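J.: Right, I'll just put the structure down here and ask away after.
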Amino acid sequence: MSTGTFIVSQPLNYRGGARVDPVDASGTEKAFEPATGRVIATFTCSGEKEVNLAVQDAKAAFKIWSQKSGMERCRILLEAARIIRERKEEIATMETINNGKSIFEARLDVDISWQCLEYYAGLAGSMAGEHIQLPGGSFGYTRREPLGVCVGIGAWNYPFQIACWKSAPALACGNAMIFKPSPFTPLSVLLLAEIYTEAGVPPGLFNVVQGGATTGQLLCQHRDVAKISFTGSVPTGSKIMEMSAKGIKPVTLELGGKSPLIIFSDCDMGNAVKGALMANFLTQGEVCCNGTRVFVQKEILDKFTEEVVKQTQRIKIGDPLLEDTRMGPLINRPHLERILGFVKVAKEQGAKVLCGGDLYVPEDPKLKEGYYMRPCVLTNCRDDMTCVKEEIFGPVMSILSFDTEAEVVERANDTTFGLAAGVFTRDIQRAHRVVAELQAGMCFINNYNVSPVELPFGGYKKSGFGRENGRVTIEYYSQLKTVCVEMGDVESVF
């Protein structure tokens, strides 16, 4: 498949083990191909009746799935992981067409996705409670039980991967899931739904409802939904938390960030430069945990900046389906204009643009309406600038200088966010000392933006709470029941 040729011809909701058109509507949306600006799908947003049917089907499937042993669930999840590996190219291509990221990156996302399913398949068979001995031969035990119907609400930057990160632990624990993707990227999650069905999950265990805010509200407020897991912006996360609170539903929130990347003078310069590029320009900079505040110790500021600019200017921009492309278009035109607006404000506030920050128009005629820009490096930045304080969510790196360790830690923590942070240094004592002081949920030492599924991922402060990935996530998709067993006679105070 080549850029500019794809068009959606099938329904985009998934319920009861098949693609379906929603039975009612709460509006319509259009999905675009960012590389060309073409509309590739016009679809109906799910209304209350459709949401009710999705929940109803999920409840029925939950009764079957939750009664299976952990090993039975394990085998089905392993089969789903195998099918994802088998269909890797198809999934990655769909992701690239709808999201705009390079096919090179999309393939990595698919690999992380099947690894996530394999990891939680392994944990499904090991879920267990505890036995506690009590006086007189009595005892107690705990059971770790599923929650019921869970809702996953995804973001548009990693559509397929996020759906796997949310559904794999949910299903491993015995839950059902209804997933609502971003209306910007409605396509690839349908492939995951089909894969789960092919692997052998009961019909209705993993349903997809399309829509925007109204559909999301219907899901969050539904009386039969047991949990919400959301990835997206802080304002939307706050609304979801408020809606869920009225129903006393637990939530996992993976929200925004303005993460610090600290480069000490004793770093390995080559690795630090590569780390800074990884921290700012993956998926066109549209990554919540990006280290966009790059603090560089003054002794190496000039050398580091020179090398970062040189490497940034070498990034190949263009058709995301071409093998040598490393940066594709941004998600849509309003977002592109928003990012360019941030660069404009940065210049007005005194920042200096060393490279990029402007529109990029590819030579290929079919790409001329795409949403491209050159990756941007800013210097002369101050902590009070808009580009340093607010999440930009685009390919814009802000470089700031610092003198001492104590100073940079204080400045790094001066933010309402707390998703991620990174440190580059050869001094291992300093590295551990600094990350212990950083107020962030995901910290990297001498690397950045790697995401092994074995490690928990999530934030501090306004970046959210709860975790995705790692063993601990099992606790967020299950509940603990305590059973007390009396082996003697009841001792009564009456």
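Numbering starts at 1 and runs along the chain as it is shown here.
Just so you know, glycine gets a Cβ as well, placed from its N, Cα and C.
This is the feature table in Swiss-Prot:
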ACT_SITE  E254  active site, proton acceptor
ACT_SITE  C288  active site, nucleophile
BINDING   K180, G232, S233, V234, P235, T236, E391  NAD(+) binding site
MOD_RES   S2  N-acetylserine
MOD_RES   K30  N6-acetyllysine
MOD_RES   K30  N6-succinyllysine
MOD_RES   K59  N6-succinyllysine
MOD_RES   K298  N6-acetyllysine
MOD_RES   K303  N6-acetyllysine
MOD_RES   K303  N6-succinyllysine
MOD_RES   K344  N6-acetyllysine
J.: Rank the recorded positions V234, C288 by the number of other Cβ atoms within 10 Å of each Cβ, and give the residue at the low end.
T.: V234
J.: For K30 (N6-acetyllysine), what is the secondary structure state per DSSP, taken as helix, strand or coil?
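T.: It is in a strand.
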J.: Distance between E391 (NAD(+) binding site) and C288 (active site, nucleophile) at the Cα atoms, whole Å?
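T.: Here the two Cα atoms are 8 Å apart.
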J.: In whole Å, could you give the widest CA to CA gap in the NAD(+) site formed by K180, G232, S233, V234, P235, T236, E391?
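T.: Across K180, G232, S233, V234, P235, T236, E391, the two farthest Cα atoms sit 24 Å apart.
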J.: From the Cα of the residue listed as 'active site, proton acceptor' across to the Cα of S2 (N-acetylserine), what is the distance in angstrom?
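T.: That separation, Cα to Cα, works out to 33 Å.
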J.: Could you tally the C-beta atoms, other than its own, that fall within 10 angstroms of the C-beta of E254 (active site, proton acceptor)?
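T.: Within a 10 Å radius of the Cβ of E254 (active site, proton acceptor) lie 27 other Cβ atoms.
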J.: Enter the number of other CB atoms within 10 angstroms of the CB of K298 (N6-acetyllysine).
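T.: Its Cβ shell of radius 10 Å holds 11 other Cβ atoms.
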J.: Among all chains shown, work out which of the recorded positions S2, S233, T236 has the most CB atoms within 10 A of its CB.
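T.: Going through S2, S233, T236 one by one, the largest Cβ count within 10 Å is at T236.
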J.: Roughly how many angstrom lie between the C-alpha atoms of K59 (N6-succinyllysine) and G232 (NAD(+) binding site)?
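T.: Distance between the two Cα atoms comes out at 26 Å.
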J.: Out of these recorded positions, K30, K180, which one has the fewest other C-beta atoms within 10 Å of its own C-beta?
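T.: With the recorded positions K30, K180, fewest surrounding Cβ atoms within 10 Å: K30.
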J.: Pop the Cα-Cα gap between V234 (NAD(+) binding site) and C288 (active site, nucleophile) into the table, whole Å please.
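T.: If we compare the Cα positions of C288 (active site, nucleophile) and V234 (NAD(+) binding site), the gap is 11 Å.
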J.: How many other Cβ atoms are found within 10 Å of the Cβ atom of G232 (NAD(+) binding site), counting all protein chains shown?
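T.: So the Cβ neighbour count for G232 (NAD(+) binding site) comes to 22.
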